[in-house]
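Step one of this worksheet: look at the structure below.
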Amino acid sequence: MRLDRFTSKFQIAISDAQSLALGRDHQYIEPVHLMVALLDQNGSPIRPLLTMLNVDVMQLRSKLGEMLDRLPKVSGIGGDVQLSSALGSLFNLCDKVAQKRQDAYISSEIYLLAAIEDKGPLGHLLKEFGLTEKKVSEAIEKIRGGQKVNDPNAEELRQALEKFTIDLTERAEQGKLDPVIGRDDEIRRTIQVLQRRTKNNPVIIGEPGVGKTAIVEGLAQRIINNEVPEGLRGRRVLSLDMGALVAGAKYRGEFEERLKSVLNELAKEEGNIILFIDELHTMVGAGKGEGSMDAGNMLKPALARGELHCVGATTLDEYRQYIEKDPALERRFQKVLVDEPTVEDTIAILRGLKERYELHHHVEITDPAIVAAASLSHRYISDRQLPDKAIDLIDEAASSIRMQIDSKPEALDKLERKIIQLKIEQQALSNEHDEASEKRLAILNEELQEKERDYAELEEVWKAEKAALSGTQHIKAALEQARMDLEVARRAGDLNRMSELQYGRIPELEKQLDLAAQAEMQEMTLLRNKVTDAEIAEVLSKQTGIPVSKMLEAEKEKLLRMEDVLHKRVIGQKEAVEVVANAIRRSRAGLSDPNRPIGSFLFLGPTGVGKTELCKTLANFLFDSEDAMVRVDMSEFMEKHSVARLVGAPPGYVGYEEGGYLTEAVRRKPYSVILLDEVEKAHPDVFNILLQVLDDGRLTDGQGRTVDFRNTVVIMTSNLGSSRIQENFARLDYQGIKEQVMDVVSKHFRPEFLNRVDESVVFHPLGQEHIKSIASIQLARLRQRLAERDYQLEVDDEALDLIAHVGFDPVYGARPLKRAIQQNVENPLAKSILAGKFLPGSPILLSVKDGNIFASQ
């Protein structure tokens, strides 16, 4: 018998049967070995056939196992296993049956048919399970769909719909699909296109996360509920699994063969199946090799003739990039555009999904949490779409609450650690026999007993609360199942079952749930089982870094005293500090314009008066780190072409993929302080980019993505008009100086730029008393650096006055002070420390001697 007369699946089964016989020390491969190999084969063609004939496959497999155990064993056969005469004659019978059926190849099911015809032990066993030649022959016809086996891969391609698609209508019947709320217009338009005579193929287009797949799931649910026109009743919606279609297609043409078998089966169904292709663009170019046809071209004839009812789904960008490039494919589809739902629609969607998420996480989701998820995600997450981003917030918040319920509460955990600590101490003291140790041990034993008593009480409360929560969950799960059963009964028209569920089981469960919820409403001391708006805000803050959670008392106090904190580092600039503090307070109190940055300021004034220092202090105040500031040195943007570095290079230029310096920094950290230093040195075209940022709080980068600046503080610094400040400082008040400076500034910057800045702040030149305060701050930093090396620095008033006097320069502000400290304090100190004059741990006193700074112990 030639092996190449068998299909590839059957050949693999024969190899498996040989391995099985060898492993069990059997001398011959018997028909039973091959039958077991066929049943155990991955993607076995025999199993679905037996299931169709109502055979208990597991029981048959165990009976075959018993037959294998009865076969004689021969040790030392050395891998030489041959076909038994029974199997040889069975193969000849298979060949005869295949020829009778006009098959070019012998397939696995022919072996089953031949085994029943055969008079051997395998045939007897199969007949015991109620299998007859007639029954098996009819089942084979049904599975093959009237086709002959003319291809060695015929078995792999058979029942392609079962292998390569997922039945959405079946999943809807089982209640596995989430409910679809709203989207009636889009579903109606999809049904309308499907009802056409030709080109009845809608393609659902929308941004990622707006609910394209949900529309098809909604269609599947409407079909099983008979809420569709007559033409669509009883149809099945199958989702094409592209992964399964491509996976394992090793040889050229194998992918096309699989797709062709799917299309052939769909054609046979005569329009009873609607094929859903998610990510439709993947079909264009799929399977394309040199000189071969891609999947998109294979679909075209079936789509044009109306043989294939297809619903596609893809994003706008991918539709433009792949589908529109192929006009022949594009014209066969009808577009159904899906827009992002409004916040109100999203709230309705979330209310519909609420029960599913409650059941999954075993927590309760409150209505304020749903409203907060929709509104906060809409405001603060700008690069994603509703309802997806709102659902994510609900899901993660519920997950965090569940995690807290499952893990030990913090109070219990702390007590447990304390008990362990006391037990270790008790163990150590029990080995000591002096009076002090015994006294301490007695106190310790008392404390340990008290802690263990507290722990036992708390643990009891925790277990009781957990039990109360799990009780409601079981009732909720039973109620959900009862509602699903009611739907099934309603579709089947089973009125008895419907009345039993609707008027008996469901009201009873609802009553139980109310009672359990009332018991649960007693104040929980350890566990939280409700997702509230506070949890949603917390999750959002973790995701984006934007503080939207309710302020604690400590934070309110901190914001009210913000000026004091800023004044500790920024000396003598009362107006600037007030302006910045007011902007931050407006933002945290929720009063600032949601469509503009938190604040945009132009800091003007001479060099070294604290313009940049105020930005650093603000970043430190908001984020506890100066590094949280996005600093852009505008002197780097003096040429016109350098503007592209801020927002990213346009398409076609080198660096297009990298994104812009400013836009990428803000995308990563939407809540930040942006410092545009020395802004007057930049090219005038840079200010055209800033207009959008200052007015609408948004900027489009080189790749067309909109970057949200609404949660940033934009601060620009400039030295313009500093000469006017120096000239008029003595004779004019603050308002007069500001007018003089703004006169110079308005000549340099365009009116539309200045008009968009919230506040232009003029900084005062620093006086002698300011420099002295700054000297104290700078010496405190030096003291901190020395303390890290175990030296204690002390400075007397005389030395401080001298440093302030040497470092004072009305033109250059506080910067000369830094140099004065370096030259008069740091340099001599460094020499003395290296020479070993001061030892670690010793105090260093700075005083004045002969008009110079002198360091002594």
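Each residue, glycine too, has its Cβ placed from N, Cα and C.
Predicted, not measured: the structure shown is a model, and the values here were computed from it.
Now, the feature entries from Swiss-Prot:
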BINDING   G206, E207, P208, G209, V210, G211, K212, T213  ATP 1 binding site
BINDING   G605, P606, T607, G608, V609, G610, K611, T612  ATP 2 binding site
COILED    391-525  coiled coil
DOMAIN    3-146  domain 'Clp R'
REGION    6-71  region 'Repeat 1'
REGION    83-146  region 'Repeat 2'
REGION    159-340  region 'NBD1'
REGION    341-545  region 'Linker'
REGION    555-765  region 'NBD2'
REGION    766-857  region 'C-terminal'
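In this structure, the CA atom of T213 (ATP 1 binding site) is 56 Å away from the CA atom of G610 (ATP 2 binding site). The Cβ centroid of G206, E207, P208, G209, V210, G211, K212, T213 marks the ATP 1 site; residues of that chain outside this set whose Cβ lies within 8 Å of it are T315, V338, Q385, D388, given in sequence order. Note: the stretches the region 'Linker' (341-545) and the region 'NBD2' (555-765) are in contact (3+ CB pairs below 8 A, sequence gap of 6 or more).
What surrounds the ATP 2 site, by Cβ distance within 8 Å of the Cβ centroid and not counting G605, P606, T607, G608, V609, G610, K611, T612, is the set F603, E613, T717, N719, F763, G813, A814 from the same chain.
Across the structure, V210 (ATP 1 binding site) and K611 (ATP 2 binding site) place their CA atoms 45 angstrom apart. Ranked by CA distance from G605 (ATP 2 binding site), the binding-site residues G206, G211, K212 have G206 at the top as the closest.
The separation of G608 (ATP 2 binding site) from K212 (ATP 1 binding site), Cα to Cα, is 57 Å. Per-residue pLDDT, averaged over the region 'Repeat 1' (6-71), rounds to 83. DSSP gives T607 (ATP 2 binding site) a coil state; it is part of no helix or strand.
Counting residue by residue with DSSP, the domain 'Clp R' (3-146) contains 96 helix, 6 strand, 42 coil.
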